[in-house]
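**Q** Checked Swiss-Prot, it gives:
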DOMAIN    21-119  domain 'Ig-like V-type'
CARBOHYD  31  N-linked glycosylation site
CARBOHYD  67  N-linked glycosylation site
CARBOHYD  286  N-linked glycosylation site
SIGNAL    1-20  signal peptide
TOPO_DOM  25-324  topological domain 'Extracellular'
TRANSMEM  325-345  transmembrane segment
């Protein structure tokens with residue numbers, strides 16, 4: 001169980017008058033809170049103690065200690081201190097039935113007592129997480145989290161990918177303890193298979209900052225996929241080719257079938273689960289090979305086109321990038337280059353036309369200026385003739 005923690009609050013003091021005039025005795029106690037299974041100390045403080053009888057009783061009013069002498073045979077209770085200043089007892093392995101008021105009684109001519117209240121908290125155990133029904137890609141999964149016993153009622157939280165999920169919680173009180181449950185729903189896909197969902201429980205019985213957690217690994221079922229990997233890119237007559245059918249799916253397909261189009265597999269072929277071995281290749285082995293896998297959620301098939309070359313043939317290894325994609329990229333580059341060239345030619349022609357227009361305009365202006373100058377000169381001559 002968790003370590004005991006004690007929270008103490010001062011009680012109202014009980015003042016008792018002693019028998020003799022001018023004397024008074026005081027008894028003071030403190031309330032104690034402890035986690036179930038922990039250790040609690042119950043203390044009675046004495047003031048102006050004159051040696052009178054001191055009795056400690058449990059909530060059932062059974063005497064535990066009488067003036068320092070054990071009266072009840074419960075070894076969980078031990079007398080730690082008995083002095084004129086205080087009486088202190090120690091309770092180990094605290095239980096819910098130990099909860100209640102402990103009486104510290106001082107017997108004089110008038111009996112006086114004070115009560116120390118013991119409160120026992122129950123820390124939650126690790127939550128129990130269950131799934132309502134099998135999760136399938138594209139659907140929803142519902143998880144439930146249960147803490148059957150806690151006091152006070154535990155607070156439940158859900159986390160997924162370090163983010164809190166909103167759950168619906170409910171609680172039921174059973175005697176002194178609470179049973180708390182929470183449910184959460186969310187949509188799942190195949191990428192969620194193997195993901196972690198956490199249910200966390202907290203209450204005051206746990207140390208500050210601590211919690212009890214349970215991790216649930218998502219099991220999401222989905223249809224299979226298949227892909228064929230070849231042991232080499234270029235094969236020639238006489239080579240041995242190994243084809244591997246890489247299959248995924250949940251549940252994982254337990255049977256893989258190999259075929260070659262509408263023909264049967266070569267007699268030399270060895271099909272063993274995910275691998276197909278073709279030894280001593282010849283041109284007659286050419287064809288389209290397929291692997292097929294299925295589970296209850298779907299079916300998958302992968303293709304591989306086998307081309308067996310002559311031993312002396314010079315060929316390039318097959319690329320994983322389809323030729324159509326490469327051709328499309330090249331066509332796009334050529335188109336962009338043509339667009340750039342057309343734009344450059346158009347800009348050049350426009351700039352040249354603007355320059356010729358400006359030059360012609362300049363010539364017109366110069367002609368007009370020259371004509372004006374000549375006209376101006378003739379007028380001057382006429383003026384000279386007039387005055388002569």
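Residue positions begin at 1 at the first shown residue.
The backbone N, Cα and C atoms fix where each Cβ goes, and this holds for glycine too.
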**Q** How far is it from residue 31 (N-linked glycosylation site) to residue 67 (N-linked glycosylation site), counting Cα to Cα, in Å?
**A** 21
**Q** Reported in the order helix, strand, coil, what are the DSSP residue counts of the domain 'Ig-like V-type' (21-119)?
**A** 3 helix, 59 strand, 37 coil
**Q** Give me the count of other Cβ atoms within 10 A of the Cβ belonging to residue 286 (N-linked glycosylation site).
**A** 13
**Q** Just name the most isolated of the glycosylation sites 31, 67, going by other Cβ atoms within 10 Å of its Cβ.
**A** 67
**Q** For the domain 'Ig-like V-type' (21-119), what's the model's average pLDDT?
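**A** Averaging the confidence scores along the domain 'Ig-like V-type' (21-119) gives 90.
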**Q** Given residue 286 (N-linked glycosylation site) and residue 67 (N-linked glycosylation site), what distance in Å do their CA atoms have, once rounded to a whole number?
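**A** It is 103 Å, counting Cα to Cα.
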